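Annotated features in TrEMBL:
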BINDING   G631, P632, N633, M634, G635, G636, K637, S638  ATP binding site
DOMAIN    705-721  domain 'DNA mismatch repair proteins mutS family'
REGION    817-855  region 'Disordered'
COMPBIAS  817-828  compositional bias 'Basic and acidic residues'
Amino acid sequence: MMAQYIEIKAANADCLLFYRMGDFYELFFEDAEIASRALGIVLTKRGKHAGADIPMCGVPIDRADDYLSRLIALGHRVAVCEQTEDPAEAKRRGPKSVVRREVVRLVTPGTITEDRLLDPGRANLLLAIGRRKVSDAAFAYGLAALDISTGRFSLSEVPGAELPGAIARHDPREIVLSEAIHADPALARLWQDVAAPVTPLAQAELEPASAERRIKAQFGVSTLEGFGDFSRAEIAAAGAALLYVERTQIGARPPLSPPFREASGATLSIDAATRANLELTRTLSGERTGSLLDAIDRTVSASGARLLAEHLAGPLMNLRAITRRQEAVAFLAEDHALRRRLRDALGRAPDLARALSRLGLGRGGPRDLAAIRDGLDAAGSIAADVSGIGTLPEGLARLAGQLSGADAELVVTLRAALADELPLNRRDGNFVRAGYHPEIDEARLLGQDSRKVIAALQARYAEETGCRTLRIKHNNVLGYYIEVPQAVGEACLKGLMRETFVHRQTMVDAMRFTSVELGELETKISGASDRTLALESAVFEDLAARVLAQTATVAQVGEALAGLDVAASHAELAVELSWTRPHVDDGLAFVIEGGRHPVVEAALRRSGEPFIANDCDLSGEGRGRIRLITGPNMGGKSTFLRQNALIAVLAQMGAFVPAARAHLGLVDRLFSRVGAADDLARGQSTFMVEMVETAAILNQASRRSLVILDEIGRGTATFDGLSIAWACLEHLHEVNACRALFATHFHELTALSQRLARLDNATLKVAEHRGEVVFLHEVVPGVAERSYGLQVARLAGLPAGVIARAGAILKGLEKAERDRPGRPRIDDLPLFASLSPPPPPAPPAEDGLGEMLDALDPDAMTPREALEALYRLKRERAAKA
Ligand SMILES: Nc1ncnc2c1ncn2[C@@H]1O[C@H](COP(=O)(O)OP(=O)(O)OP(=O)(O)O)[C@@H](O)[C@H]1O
């Protein structure tokens, strides 16, 4: 057996091998050590290999999913190796022959389909990457995003510079690519940084011809033209994705939708750092709670939640499409009764896409069939409901039209065939409704009758032996047996009784027997239950085949339900929180009146505090405005900056926005940078990360972009930081000419508004009350006088002594700054005046104390002499002052 294990393990060296032995999956050698550590299960040993003990641990098959999901979450891949013949057959080949086993599936993070392993509200994307050369030094990258748990399959191509942003948008669970892309030194850092495991595939398997062949075979077509015009990079990516699916699913072919091509520039481009910083789908610490997605999610179905996340990850650039989504939201926001009915029905609809995929892969169970039944049923009732409404907006009408595509007969059949209570696995039987299949009913009756006969037999034997505690029981080793107490058992071994009862086992206080009659009955019962199972299994196959014959329509119904759920979710949110429909056009307007931050507002609401709404206008004719925001720490600068970026994202995903009124010209790219946190793991300093990200903005932002910069330049010496922030502002104003919000504590920058025509200053209002600062969180035109850093430090609990000392130092610094003749002013800077030579350094103040101190030698002094010297110094200082 070990030889077989070693052979199979060698063929799956990069996976943990779950090796089936009876009711357990066993792991051996290093796999056992890894799994026992990861899962906290006992490590034992079994036999020896090369003179050493073989470490072993095992997981029971009925709990395997739990263990699998934990291993997958830790980034492991698991090869599941099953027994592919009955142990009895192996025995027939010879006493020493080993049961045949094969790996039936590789379980990897990007290719799971089981409900218990999947997160219902999150897509489970496998992202495959291919590329093509576009010039000597540059590549274009093809991305194939495939979710085998739902069949979603999309292709797109991006220039090399946008690859990290595109990966972040897809948020894949696993990435596959060619060895060449994986080994490209220019991308090494990217693979290191992405959260998902990255699996390289051998170059030889990824030839363009085989990629194309694979796609054609998957979809049963002879040409790809019908799907769209794909680039070589996209085809390479799709080929790699399908190869990986083949390899992990081993023979099973998931039902995939035909690949749809996402046109380049179809979505608002948001790079990875901006996504993270704006906490769109998860917070900086990786949680969903506290993200924008969490704050806006009012969906009632898992497929709706997944679609909402997809929309949020890729806000649109197409005005028509945005308007279509907005119209649907507006309609549902108005019609409260319809929205309520719709959400009720949607909440009852199970996850069609995932059930369909499991059935297609041959991994489905009776509950998946029921999911199809109930999903189609809900779709039918929604379709009937909306058909009674006069004119629906285009977006809603389209979704409603998709709902009724499936064959009504299918639901009728599934209703008739499936029982009320359904087991998870079909091998558990009892899922076909009584009356659906006469032969099943007959076989079941036979089984039930035999059980009655057993009960009668037990009564008769009890009478014959005079033992009222005689029982007929069943276990897996003996099958049916008669159990009596020891004393009665002894009697059964003698006389006439010997002819009826055949001894099987003696226990501590009981004896077990069988009889000819019981043996016959047992054969009949097991025959009946085997037959019922076989018949039920055939019914299952038939129903699954009927469902799969309508894969495309069922998938479409699933998509429509998800689309309706998202529209209704936005509408619900808009009504609940008084959000409004933004006006989006192709100009360069950016007018927000009474804007709010959805996440901060929700947090404040929970603690009963109000959120102060703020306006923001960055509109420009041909060139965007820049607003420079100074203000106290804790005043609300970052909140204001982010809320405007989030409003742009929400508007372009077709949702309503948290503002009294909003008018936005389409944004093509969104950038958001904060003085970055340390990134020691990547070996980059805070400042380096900040500068790399700022460089990306200055190089890429167009007039149509929206840029949010929060405290750029704070990670270095004051004047270095100030000069960098200054120059960045000028560049944004003159070269990028984009709409921008720039928050800073460098109050010197506010003077720039006199020179840069489209830059204006805003500040966060504060009030002082008995020496305490009160943040009003109100954005008003103007310049902050102070940063109130010390007040905030006091609120944070810095010791009073430190605060007092800092106050004294601050006073000194401010005085020195006021008195210093050579302090830089705006006119001194190179853009506005010729560079004047730096003023000569002021001579140090002469008070003689320094020399006195230098003359002292503490090591040569007695304590008394030291004390006297100290008094002398103090006297001298007082005299000089
Ligand atoms: N508009 C608002 N209405 C009510 N409370 C607000 C508002 N904006 C911010 N706050 C509150 O003030 C806190 C601080 O806000 P924020 O982090 O935006 O300040 P900041 O000016 O960026 O501070 P720092 O300069 O220290 O980074 C928030 O956590 C929130 O509780």
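Backbone N, Cα and C atoms are what each Cβ position is placed from, and that goes for glycine too.
Within the domain 'DNA mismatch repair proteins mutS family' (705-721), the DSSP-based counts of helix, strand and coil residues read 4 helix, 5 strand, 8 coil.
Within 10 Å of the C-beta of P632 (ATP binding site) there are 22 other C-beta atoms, taking all protein chains into account.
Sequence-distant contacts of the domain 'DNA mismatch repair proteins mutS family' (705-721) (same chain, at least 6 residues past either end, Cβ-Cβ under 8 Å): 590, 618, 624, 637-638, 641-642, 644-645, 648, 667-676, 685-687, 690, 694, 697, 728, 732, 736, 738-746, 824.
Close to the recorded ATP site, the chain also has A743, L764, F775: residues not among G631, P632, N633, M634, G635, G636, K637, S638 whose Cβ is within 8 Å of the site's Cβ mean position. Looking only at other Cβ atoms within 10 Å, the busiest spot among the binding-site residues G631, G635, G636 turns out to be G631. Taking a C-beta cut-off of under 8 angstroms and a sequence separation of 6 or more, K637 (ATP binding site) has the following same-chain neighbours: I629, G631, D710, A743, L764. Long-range Cβ proximity for S638 (ATP binding site), meaning a same-chain Cβ under 8 A and a gap of 6 or more residues, is found for V674, D710, A743.
DSSP classifies N633 (ATP binding site) as coil under the three-state reduction.
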